[in-house]
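In TrEMBL this protein carries:
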type	residues	note
DISULFID	Cys50-Cys370	disulfide bond
DISULFID	Cys189-Cys426	disulfide bond
DISULFID	Cys237-Cys250	disulfide bond
DISULFID	Cys395-Cys403	disulfide bond
SIGNAL	1-19	signal peptide
Amino acid sequence: MHLVLVTLLLGALTAPTASESFNPLNHLAGITPYHTINDPPLDPSPPQGCNVTKAAYLIRHAAIYANDFDYEAYLEPFVTKLRNTTQDWSKTTDLLFLANWTAPVDEKHLEKITTVGYKEAVNLGVDFRTRYAGLRHPKKVWSSSADRTTKTAAGFIEGYTLNTTGINLVEVKERKDTGVDSLTPYKSCPVYSSSYGSDQSQAWVEKYTAPIKKRLNAQAPNFNFTTTDIVSMFEFCGYETVIRGDSPFCATSLFSPNEWLSFEYGEDIRYFHNVGYGKYASPRIGFPWVNASFNALSSNSSQDVYVSFTHRELPPTVITALGLFNNSAFSGADDVNKTMPTDQINYGRQWKSSDVLPFLTNIAIEKMSCDSYGYDKGDYYRVMVNTRPQPLEECRGGPGDSCRVSDFEGFIQGRAERFGDFVEACGAPKNESQVVTIYN
């Protein structure tokens, strides 16, 4: 009897299998729904003896129906092919749902915020109201001028103010002649291209999709699954979820956890070379926002909280300017590009696009006033990514691995010397601005 009871108890304590605990929604790169990062598992509350006195945030827009590239290159071709196929889906096992499935997005919805996305923006505003309850409400919130960013900002303001007025939304034009003085400086960088990184990732994409194509084509030979079809199915998992709330494409019976990780890694390679450490211009594009935010937090301005909304491209460049999620910092590799091989997954990498640029991804610089045991009394700075602390490799040692104000000033100066050459690195006209003035 005792043996049976012990056996039952041990069975109850058995850990879930990988497929039971694995959530594909956390591995969708740029179409990952918003989530926090718990690595390292530091407390997001101010350290003991510290109070946040000012904060600056850069936030990507909330969830959209689809961006134009994904729709034109993957989603729409798959839907058209599905509409015209003679394949009998009832004769398949993993693909039965395709017999009655309808696409959640069409061309008229492109780039627009979903209902889920708007609600998440409102919730983020509510969270900020609670987090910074002791600070003065911002007089202004900034946003690039695209509809999806301004709508996200409007939702955030609604949540922050509990649907009251009092915060002015400042729209910053998205132009190619403003240098760094915007929330879309990459548009003023001629060497930047939205397609960069696709060639580097394609070798891996072809490799990991090959066995998937064979498996699905064995079930549905009349459909002739291609690499593009497979990628579109991964993407529909994310887009359909932020539109309808769930998606049959997310089932781990359709794609295994290993296959989801392969999709994520392909996107990691692409973004690594597009807006990450694999692109020389990346930290030069992101540093001006870091510098402008530090100047704003150091000033005597009556604004305590600076919040700006942009697109997916800018936050990762800011991350490179700060030196966060840097594979080379942990591997000691001389060649940063070798940390993202295209023939196998680097499971030990720090750079994961699902953590770096999900919908509503946010990067913050917080200024704190501290009087903690064992530390000098004074001001300290720390960086947050998706509301979780991310210690700076070159500047820590304060409460909660924050950075003393004098050390942070030195950190910013050192970054300016390394990455303050936007015009030269981008091949931009010399008369373009190299200073962010939108917060002045």
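Here the Cβ of each residue, glycine as well, is placed from N, Cα and C on the backbone.
Annotations in TrEMBL come from automatic prediction, not curation.
Feature map: annotations from TrEMBL on the structure.
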residue: Cys50; record: disulfide bond; Cβ within 10 Å: 22
residue: Cys189; record: disulfide bond; Cβ within 10 Å: 25
residue: Cys237; record: disulfide bond; Cβ within 10 Å: 23
residue: Cys250; record: disulfide bond; Cβ within 10 Å: 20
residue: Cys370; record: disulfide bond; Cβ within 10 Å: 22
residue: Cys395; record: disulfide bond; Cβ within 10 Å: 24
residue: Cys403; record: disulfide bond; Cβ within 10 Å: 23
residue: Cys426; record: disulfide bond; Cβ within 10 Å: 22
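Checked against Cys426 (disulfide bond), the disulfide-bonded residues Cys50, Cys250, Cys370, Cys395 differ in C-alpha distance, with Cys395 being the nearest.
Cys370 (disulfide bond) sits 45 Å from Cys237 (disulfide bond), taking the Cα positions as reference.
Looking only at Cα atoms, Cys403 (disulfide bond) sits nearest to Cys50 among the disulfide-bonded residues Cys50, Cys189, Cys237, Cys250. The secondary structure of Cys250 (disulfide bond), as reduced to three states from DSSP, is helical. Reduced to three states, the DSSP call for Cys237 (disulfide bond) is helix. Of Cys50, Cys189, Cys237, Cys250, all annotated as disulfide-bonded residues, the residue with the shortest Cα distance to Cys395 (disulfide bond) is Cys50. For Cys189 (disulfide bond), the spatially nearest entry among the disulfide-bonded residues Cys50, Cys237, Cys250 is Cys237, judged by CA separation.
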